[in-house]
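Each remark here refers to the structure printed beneath this line.
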């Protein structure tokens, strides 16, 4: 099940919020006070004593011997022997009652072996019917987590709400464990909210840690806008605003799939109203959100606001905005931003150069792109494979084959890693320019590097070779295609058949001419 199965979850959440606040205010008088008063009382309140025993008796020497016998008997047990029987026999030997830690031990032992999972209900039933001690909460927290990790979340849900039957009052610790399990297994949000409401009826009040678990779960599944609502509820309930949670929400916003109607700047303003002061990394995430959604000018506006507030953007911020502007086609603004980056004394990194060179290639400014490539090396920033790939693609699209070959040979001389795409770009450009022999040789080199050319590359080269009458080379290329599992395209077969027909006609003409000459003699 998905934690958000339909659009009605948000309305359910809206109904839960006032219910939470109503229960909070009616059950505790301190809810009407200021947030600081709420925080003071919540951290210092004294709960009534448990109706069960408030302290376990210290284990005697006999208990220690019984526990030692239990451990040894468990390790040497036969497959058909029940763990509960071993526990009872071990403690009856020393005429003492089993302790909570003894039951915890056999429960942990049962969880480690799937064949003994069926014994867990038997052990719990014995604790509920026979024993009189107050069962420690950590025992149930362990079982809730175990059921969640074993994909038995429904049993974890039941375990939490049956804790009072075992003389154990659940607290926010076990609640948080259950919420974490539900969110981890992507349970329906309605189930999570149902747990929250029922927990309040059990006098378990949502703590700051519970909100953090919910918010992190919502961020993990890309529901950052819902996480903001929980953040507001968290502050309204008297908890302190957590800066890490705010940063987490903002860092998750760029990963939101359905961004229609999402106002990330409005989210940031809401956080400011709650008392959060955003850092540079937060505004960088806002910029990333705009760039990812194709809003380069909005990203530029955020960058300008950063500078106006006295915050100094780093090269990562400039790279993001530069990429967004080039994607939108705002090349003049991109040039100004690149110049500004240099004037401020920031050192462009490889990402900066790659993005800017990509913009130059999109504008068909290949001379400037080549000049920028040379500047990179002079400034100590070595071009990488992506840089050369962008340059080669731009040169070949413009038909500048000689420059493309020069860059290609330059890469080879420097020992840079050549990719299949790079070979394909240069070979296809050679084919378009009619340089059959060079394309044929480079394709053989590409195959020797264990790269597989695309079918369209074979088609283009076979067509030119057929026109040239180089049928032996064509047959060789067809054999290569068979060994590389490349299916020849229609163009290859058409060119091959047409070339064979033309060759046959030429031979027929030669035969007729030869026959006529012989008859005349």
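Any Cβ shown, glycine's included, is placed from N, Cα and C.
Feature annotation from TrEMBL assigns repeat 'PPR' to 207-241, 279-313, 314-348, 349-383, 384-418, 419-453, 454-488. Taken from TrEMBL, the feature domain 'PROP1-like PPR' applies to 402-505.
Helix first, then strand, then coil: DSSP counts for the repeat 'PPR' (349-383) stand at 26 helix, 0 strand, 9 coil. DSSP places the residues of the repeat 'PPR' (454-488) in helix, strand and coil in these numbers: 27 helix, 0 strand, 8 coil.
Remote same-chain partners of the repeat 'PPR' (279-313), defined as residues 6 or more beyond its termini with a Cβ less than 8 Å from a stretch Cβ, comprise 246-247, 250-251, 253-254, 256, 259, 264-265, 268, 320-321, 323-328, 330, 333, 337. Long-range Cβ contacts of the repeat 'PPR' (314-348) within its own chain (Cβ-Cβ under 8 Å, at least 6 residues beyond either end) map to 280, 283-284, 287-288, 290-291, 294-297, 299-300, 303, 306, 355-356, 358-359, 362-363, 379, 381. Sequence-distant contacts of the repeat 'PPR' (349-383), counting only residues of its own chain at least 6 positions beyond either end whose CB sits under 8 Å from a CB of the stretch, comprise 315, 318-319, 322-323, 325-326, 329, 331, 334, 338, 341, 390-391, 393-395, 397-398, 400, 403, 407.
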